[in-house]
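Undergrad: What follows is a single structure, and I will ask about it in a moment.
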Amino acid sequence: MKHYPHHLDLQPAMHAQGTVQLPGSKSISNRTLLLAALAEGKTDIRALLASDDTHVMLMALQKLGVHWTQRGESRDYEVQGIAGVLPVHQADLFMGNAGTAIRPLTAALAVLGGDFSLHGVARMHERPIGDLVDALNGIGADIEYTGEPGFPPLHIRRGHIHSHRLQVRGNVSSQFLTALLMAAPLMAAREPVRIDVVGELISKPYIEITLNLMQRFGVEVQRKGWQSFTIAAGQHYRSPGVIHVEGDASSASYFLAAGAIAGGPVRVEGVGRDSIQGDVRFVDALQAMGAAVTLGDNWIEARADGPLRAIDADFNHIPDAAMTVAVLALHAQGTSMLRNIGSWRVKETDRIAAMATELRKLGADVEEGADYLRVTPPEQIQPAAIDTYDDHRMAMCFSLASLDGALRRGAPLRINDPKCVAKTFPDYFEAFTRIARNDLL
Ligand SMILES: O=C(O)C1=C[C@@H](OP(=O)(O)O)[C@@H](O)[C@H](O)C1
Ligand SMILES: C=C(OP(=O)(O)O)C(=O)O
């Protein structure tokens, strides 16, 4: 674990340049760990993300009796799958603030049955899970709220699954549908499982990650668009042998933005044009703002091509990387509008409120709506101490405000409580300070 100070001071950097090896994708790491645990056979996972969110998943699996080993100090793990039969039927599981751990585990454990307590940090107990619990209890699972109804902590007991047709709402988080999809083969031994989405589905590209990884573990899902998903009977997860975790596309957004703001080129290695992560589409926003972007098989590079322009777009498909766009707007000419980002309010913090407050500290004029943010940048960014709300992305994206850029707006900044980056990227500030330079090379 890194030992960050209570705050970190960043001097305005005139130039951003260099190459960054990305840490593994959080979304792929936690899905792969769970699928490998449930599967038949041993899975060799390469380049797993080392962070708080994957740590809670690894620890939970260990408590559930899943045997895994880490190869030395490397990012490579071997997971011995349980072939659908849990070795341990009672456990108390700490889920931190990892949505990608608590939601899929809740579904899998509710279907497998046992006596499990799932809880997390205080903020986790404010993050909704009711739509997932309703879907599972609706087919006979036994999940009880031990705190506030609709939120963790949860107590899962052995229920009696009496139906294979589930309905789930998708307008609060796509992770509920992901959780049901991943758990579906566990109840599809004799009958197909059908999951219908009720109403709107947000964050759709994350469902593609789920389906892609399920397929690699041998399970096919038939789908009717985003409305209905069917898992044919008799499918089981089987280890694909080796699985390599892509670099994290959301983490890539900070470095690509740095290249777009402050000269560049900045190259990230670990994701490229064939990535299964929706957040690679962040490059479309960068290009729309006037940056030059090149994509390779396993890398992406961004550089400035004149001053950045404001953007007005719907960001529902890339809610995490969209936070980077909000800070990029400080370095653009004109007013930017981020639409359809209502899910920000139920993530690590209320990200719409937090973003508006911190952007205003820097001198921006910000209008905050229920599901949008309108950002007009200041002539010159004001020096300020940025609060991070225990939200890794607040800490990471605000580092970009210290860059000087073509419009020479950068200011010295203080980032309070920077250690929250450990949720997905413990080394973030080392990587950032390596590419942010004051010498014009
Ligand atoms: O499934 C996933 O891996 C994720 C889905 C998204 O959440 P929502 O579906 O709640 O928007 C995203 O914000 C989160 O960081 C990871
Ligand atoms: C929303 C996020 O996390 P989680 O997986 O906990 O939902 C995030 O990483 O931005």
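Backbone N, Cα and C define each Cβ position, glycine as well.
The feature active site, proton acceptor is assigned by TrEMBL to Asp320. Here TrEMBL flags Lys26, Ser27, Arg31, Ser173, Ser174, Gln175, Ser203, Asp320, Lys347 as 3-phosphoshikimate binding site. The phosphoenolpyruvate binding site annotation in TrEMBL covers Lys26, Gly99, Arg127, Gln175, Arg351, Arg393, Lys423. The domain 'Enolpyruvate transferase' annotation in TrEMBL covers 15-431.
For the listed features, I'd like the structural context: burial, neighbours, distances.
TA: According to DSSP, Asp320 (active site, proton acceptor) sits in a coil region rather than a helix or strand. For Asp320 (active site, proton acceptor), the count of additional Cβ atoms within 10 Å of its Cβ stands at 28 [all protein chains shown].
For Lys26 (3-phosphoshikimate binding site), the same-chain residues 6+ apart in sequence whose C-beta sits under 8 angstroms from its C-beta are Leu49, Ser51, Asp53, Thr54, Thr100, Asp248, Ser250, Thr424.
Mapped onto three states, the DSSP output places Lys26 (3-phosphoshikimate binding site) in helix.
If you take every residue in the domain 'Enolpyruvate transferase' (15-431) and average the pLDDT, you get 97.
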Undergrad: How big is the gap, in Å, between the Cα of Ser203 (3-phosphoshikimate binding site) and that of Gln175 (phosphoenolpyruvate binding site), rounded to a whole number?
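TA: Rounded to the nearest whole number, the Cα-Cα distance is 9 Å.
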Undergrad: Of the recorded positions Arg31, Ser174, Asp320, Lys347, which one has its Cα closest to the Cα of Arg393 (phosphoenolpyruvate binding site)?
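TA: Ranked by Cα distance from Arg393 (phosphoenolpyruvate binding site), first place goes to Asp320.
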Undergrad: How many neighbouring Cβ atoms, not counting its own, are there within 10 Å of the Cβ of Gln175 (phosphoenolpyruvate binding site)?
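TA: There are 25 of them.
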Undergrad: Sequence order is fine: just name those recorded positions in Arg127, Asp320, Lys423 with a Cα within 10 angstroms of Ser174 (3-phosphoshikimate binding site).
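TA: Near Ser174 (3-phosphoshikimate binding site) by Cα: none of them.
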Undergrad: Should Lys423 (phosphoenolpyruvate binding site) be counted as helix, strand, or coil on the basis of DSSP?
TA: helix
